[in-house]
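Over in Swiss-Prot, the protein carries these features:
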SIGNAL    1-24  signal peptide
DISULFID  CYS48-CYS88  disulfide bond
CARBOHYD  ASN62  N-linked glycosylation site
Amino acid sequence: MGLPAQLPVTLLCLLAGTAHFIQGRRGDIILPEVIKTLNILTERKTPCTKLMIADALAVPKNTTEREAVCRAATALRQFYLHHKVSWCFKEHGELGDLRLLRGLDRNLCSMAKLSNCPGKEARQTTLEDFLDRLKTAMQEKYSKRQS
């Protein structure tokens, strides 16, 4: 008893359609997830949020939204991979926040869909200010998407 010759082709088409649907839905989920994570991180006022991070949100006007998001992800990654930052989060028992920053980085990279972006920003700001401004930008993006 064999399978009809058209069955594998049909299954492949269904699988491809499902993957496209899931990928599209993932994009709809990422932005609210980013905002939720930023809400959690900005509510907590801890010593580690006073640490300095590259001000990747101060971008030239001709920067695309994807580039800006990619720069923010790069700045976050460079920030949380630094040994002094990891030490601060461990010292103050904030490993959950460190995990949230890593997840935020992953989600921002997914939103940007860029593999390489500049990451050396001259200006510095506190993590607290960076996260507040990023949250405002993401909320504005979400509002535009809803209207």
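Backbone N, Cα and C define each Cβ position, glycine as well.
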(request) Express the distance between the Cα positions of CYS88 (disulfide bond) and ASN62 (N-linked glycosylation site) as a whole number of Å. (result) 36
(request) Rank the recorded positions CYS48, ASN62, CYS88 by the number of other Cβ atoms within 10 Å of each Cβ, and give the residue at the low end. (result) ASN62
